[in-house]
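I have placed the structure first, in the form of structure tokens, so that the comments after it can refer back to it.
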């Protein structure tokens, strides 16, 4: 009786072992989550123990790939398989998803036939959209605040935007915000005060896939119309300032040399003019001297001739008696003796001027009057 019960129990244990699915193999390690960029490949691995018969790969609940010990069963060219064996003799099945698309994002499942065990992983496909700055080149005024806008369109998820400023600035900052009505678009605004030319680069980064996109713009700075010369000179490079200093010194030296040459020329011309003027004065003095000498000679000759003719008349006039005497002489009879001729060199009265005559020669006579 007891033996019959033992045989029944053994039969039930055998049947239970045969009915239990996957009792001889199992999934040792399932796939891991993956994040890929649109258009790239996504790879998932599933490690099972020896003795397996069929491995099935499903994406978002749909079987897309089956693998048998002999060969894989491929129903879509975008989903392929690769197989490996580790050091412990376990089998590694790899599913490769080519040209991943945003619609592929979802759960990936690895399972065995006749087994309730499975491995799950999540696939995330990210999209790198467009990135642009409205203008390729920007012209701004020196030392005046300005803003530059960068837009990221069609990104999933939204990227982190940063700026690379290769421009001399006094200050700069940026901020980002979602563009209204565009859930997959973001805007970043850079505010800066430029002091020179350079390049501004907007960088959008997807950290999970280590991918980024960048766009650059050339920034040209012009001087403010009201800016002074010192500010414009301060923005020059060092070599330009040195060249300007050398040029200024050279110009100064040239001006000094020109002034010295001009002064020398003026001095030589003045001396030349003075010498000519002195020669003219000497010639004029000589001419006047000669002319004066000739006029003096002529005058002396005229005076001498006049004196010789008037001298007797002068002497007679000086010796005429007063009117009383003339009246008496008129009252006397004509029998009186005739007047005698005046004597030569008779002194004149004391009350009248004295006149002396020195005859140097018969032709020239010099006269002098003393009062």
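Glycine is treated like the rest: Cβ placed from N, Cα and C.
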Need the matching range: TrEMBL marks transmembrane segment on one of 158-184, 185-211, 212-238, 239-265, and I'd like to know which.
239-265
On the domain 'Ig-like' (140-218), the mean of the pLDDT values is 93
Looking only at the domain 'Ig-like' (21-121), how are its residues distributed among DSSP helix, strand and coil?
3 helix, 53 strand, 45 coil
